[in-house]
């Protein structure tokens with residue numbers, strides 16, 4: 001009897017061997033799969049369990065490092081790029097995209113065939129056949145019979161002419177196959193996906209006569225979360241660099257909330273934004289994703305934002321109400337005292353609140369708040385210079401004192417730049433920001449001039465249109481004649497004074513110590529330096545009239 005039991009056990013073991021030897025989907029598609037993985041996740045709509053058998057004859061399995069990978073594609077290896085729009089809020093839809101990158105000089109044609117690029121030359125010259133893989137010819141030859149083949153787990157699998165690749169997606173103990181060309185997209189709803197990081201793996205097969213050949217494998221991590229993915233952009237006028245989270249005092253900062261929701265899951269949701277700017281101004285609640293706030297003190301502040309949205313969610317399980325205690329066991333229970341009344345059955349369309357959070361530490365400093373051009377003056381030169389007229393711009397600003405000034409002179413439309421000049425502000429302006437900027441223009445006409453004042457934290461801008469009038473030849477001749485008359489007049493006065501001195505010297509002799517001619521000569525000589533000063537303008541910084549003028553840059 002004992003021998004009989006041993007024999008029966010041997011038969012059962014032999015009958016089980018083919019089942020154990022058959023490959024399962026998870027054996028082929030994943031190298032990292034913990035035991036009981038499928039039981040941790042609910043079924044994805046349209047996906048199959050990876051406990052199914054794998055048809056290795058139709059879909060060969062090659063391990064990493066197998067030498068057959070080198071010959072899986074003509075001309076080199078194919079790369080698969082896998083991306084997703086994660087992170088995804090639980091309940092929303094996440095989309096995965098796979099794009100194939102072919103070897104050099106290969107591309108997918110309009111018919112779906114893989115062809116060489118134009119002017120392609122290999123080591124032996126131009127290729128006589130433009131096709132790398134001519135799927136169309138294979139189909140016309142009847143290699144696919146009636147257009148269907150048995151799938152890897154026994155289901156009919158259609159093969160339209162243009163779908164030359166099979167993409168097998170695998171995640172959460174389930175798989176999904178998709179036919180396509182060099183680029184495909186697959187979307188799944190995350191309502192049944194566990195929270196946290198998950199792995200999506202994709203294996204790509206190409207057509208080869210009546211079977212398929214693996215050409216690429218790729219995997220990527222995606223994240224499902226119960227918190228709304230929130231990002232905030234911060235911008236401010238005159239702020240030199242918003243990316244360092246340093247902003248200016250007394251100027252509004254624009255906060256713009258961006259919610260990552262590529263599947264538009266929250267489109268119908270009521271969304272509220274709760275702001276705490278960390279400057280003791282209180283809590284601000286708004287249903288607008290954009291808000292302005294002004295800090296009036298320097299320092300470091302903690303910004304906190306909470307986003308609340310009402311979204312569809314699972315309904316809570318009803319809790320049965322205990323029946324009322326009656327005095328008689330024979331008395332019927334009133335209809336209103338049933339364990340669960342129809343009116344209390346929860347609606348299938350339940351809603352829950354989801355939240356998102358954003359925190360940042362921002363620094364507030366002094367900066368240039370505003371800049372204005374308050375006066376524009378043409379500079380009149382003693383010698384005509386019509387080709388490079390000079391213009392002075394008197395500029396004032398509010399806020400901190402600038403350290404540099406830059407001007408950009410362009411055409412009247414402010415589109416074509418003609419000249420850019422930057423100068424450091426080295427002069428001591430004191431507490432009042434007032435300075436003069438002198439710039440040369442290339443002849444008569446209308447110009448657009450942008451002027452900026454900057455320091456380490458800020459950059460303030462203003463602009464103006466400048467009109468340089470033209471000078472006709474008659475005006476230039478009158479200016480030249482006036483200069484000549486002025487010069488002749490000064491020389492006449494000079495000669496007269498010299499002649500008078502010589503006359504006095506020969507008419508009457510007086511000792512030097514008793515002479516009053518020194519006073520007269522002194523008065524006469526005062527005329528010459530003034531004329532010389534007007535004829536030969538030099539440094540006039542000592543002129544009392546300039547002591548109250550702003551410095552010139």
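The backbone N, Cα and C atoms fix where each Cβ goes, and this holds for glycine too.
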TrEMBL annotation of region 'Disordered' - which of the ranges 281-311, 312-342, 343-373 it falls on:
312-342
Given the ranges 484-503, 504-523, 524-543, which one is assigned the annotation transmembrane segment in TrEMBL?
484-503
Over the domain 'PKD' (273-307), what is the model's mean pLDDT?
96
